[in-house]
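What TrEMBL records for 52-59, 116-120, 170-173 is GTP binding site. Annotation comment: TrEMBL describes 43-328 as domain 'Tr-type G'.
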Amino acid sequence: FKMPASLKRLKPHVPLGRNYSSLPGLIGNDIKSLHSIINPPIAKIRNIGIMAHIDAGKTTTTERILYYSGYTRSLGDVDDGDTVTDFMAQERERGITIQSAAVTFDWKGYRVNLIDTPGHVDFTLEVERCLRVLDGAVAIFDASAGVEAQTLTVWRQADKHNIPRICFLNKMDKTGASFKYAVESIREKLKAKPLLLQLPIGEAKTFKGVVDVVTKEKLLWNSNSNDGKDFERKPLLEMSDPELLKETTEARNALIEQVADLDDEFADLVLEEFSENFDLLPAEKLQTAIHRVTLAQTAVPVLCGSALKNKGIQPLLDAVTVYLPSPEERNYEFLQWYKDDLCALAFKVLHDKQRGPLVFMRIYSGTIKPQLAIHNVNGNCTERISRLLLPFADQHVEIPSLTAGNIALTVGLKHTATGDTIVSSKSSALAAARRAEREGEKKHRQNNEAERVLLAGVEIPEPVFFCTIEPPSVSKQPDLEHALKCLQREDPSLKVRLDPDSGQTVLCGMGELHIEIIHDRIKREYGLETYLGPLQVAYRETILNSVRATDTLDRTLGDKRHLVTVEVEARPTETSSVTPVIEYAESISEGLLKVSKEAIESGIHSACLQGPLLGSPVQDVAITVYSLTIHPGTSTTMISACVSRCVQKALKKADKQVLEPLMNLEVTVARDYLSPVLADLAQRRGNIQEIQTRQDNKVVIGFVPLADIMGYSTVLRTLTSGSATFALELSTYQAMNSQDQNTLLNRRSGLT
């Protein structure tokens, strides 16, 4: 028997110090065909995420899952700081955070890709990005606390993306753990229908194991086995535990009734064949029905256990494979345009010191191979993948190809950033766009909708906060620039620009926490102590009346005379536009424009980048060039400089107006705390549009100026003792009233 060459390549990737009983996916001596290890059938793939409140036991559960599936030889512990996917990279060295994006393992012939979803609210972009990659999710709850504030937030996001879920009540061994209470809180707060697939045997200190309601078996973990690998499944018997059997039978009958209510096909089956005796109903039939109900998101299966005490994790893995959907069971709207061409989403970019940027991709259709040229739709560029890896726990296995539904790790893509759509070629993208357009015409949808279907990426909001960042010394400036360049590719919502006046580097981000974390990462990952300036709001400016100005530039450099005379008019536009609208009077000759049009436009754009009041970008203006005389031999930079100076002159003469960012604010708050929250918003020049009722909560929807919402998250937590959540996004820019504007200008010029 000759080993296939590709298998030999796999061997050296197994790191020393972890002796595997077998290669990942190769069980015993039965070397399956390499193809089935690398490309399992699509029905056997599960892309799942773990979502939870901070501290419900996300990391410990992940750690146990990896241990039982045979990838790690020792049980890591968060308290000791030696877990594989530690989500707190601050506690660990850089080398380990790579796996937190996606970990691949096998469980009973299924390929499971575990995708990390961050817990924090401020990173909605991160969470959204992870959620589009998932097909299903496991929500973990602390059995003693039930549904917590953060759980609600993540749950809502999963609702928005229609992700089927199963629930795991963790920490059943903790003092105060209550199965009933936790299930009740899922029913009450999340308004979900819990399907109890397990009952705990004992609670808190007495927690020994669980009862499988579907099969009527009890699972007991051996008390003297320290790692929880051995547990026994015994059918419940009338003789040994009559009480438990009675309870389980009742639970099973209730479960069957619940599922029959939600699933017609199953209801028919029950009524026809098993209406007399539910006990005869085979477990498989019940499982397929629960799978359908979970997919339809009309109910959520609930399991329980204790990750720290190693109980209940194996049944959780079984439930993932049985109840959560495979990639082909989820229908993604944009797939129909691609037929079988490659379409993948780069959902995370990480920088490895040795290998350069590593790009994690979710393949939606088609196949990826190394050395394949691919086209990046968002960046509109073509690149080549040099190596293709599968992120097996803590080692990366090189593979020859990967098909739809899988998660791949690619090396060699230099320009791909987070959230980019990857296709096989430009023509394939255009063909997909045409198909989408044809469909769109049938349904009378606008075309831009079709184009958006194509880029299944994440919409990146405009940054609204900015602050200056300074390296510790001038010699470190290049290092800082490199660090910022890498971070921008990992996180597209971070923008970096140079302030032309002061020459300082300015960070533009989504919020206060966002900028703090970036600052922290530069220190941690690139070893640079940087200094942040105060947080500032991104204002814009505009003019209120139309003004004309003329300017002449006459310079002799060497033996060349540069002479330009220009007359322009600046006027406010009716419609809102971020860039200036440029028009030319009819008197200007075509020939002249042909030569100098580019120079004129660059002059106008550069003049509009810095307004006369605050040096903020000027928007909603139209510039008309009325006359232009150019001496022969004048260089284009001189034309551009003259036009720019002339436009600035015109803007200075006009009546000016500062525009401030107005945010859409949505605060979800319990009824009891509604009035303090409203009172606080009134102080912040807030404008409340409506107050909706969502389950037990009130949702306050309104607008508030960004300048007044600085530090809001801490204030809101204090007002509502941590129970409220809020979401902010840029709505529009609105004119400031003159009083606020004068205060702002005086503050900027240092008069107040």
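Cβ atoms here come from the backbone N, Cα and C positions, even for glycine.
Features per TrEMBL, on structure.
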residue : record           : Cβ within 10 Å
Ala52   : GTP binding site : 24
Lys58   : GTP binding site : 23
Met172  : GTP binding site : 28
Local confidence of the domain 'Tr-type G' (43-328) - pLDDT mean: 76
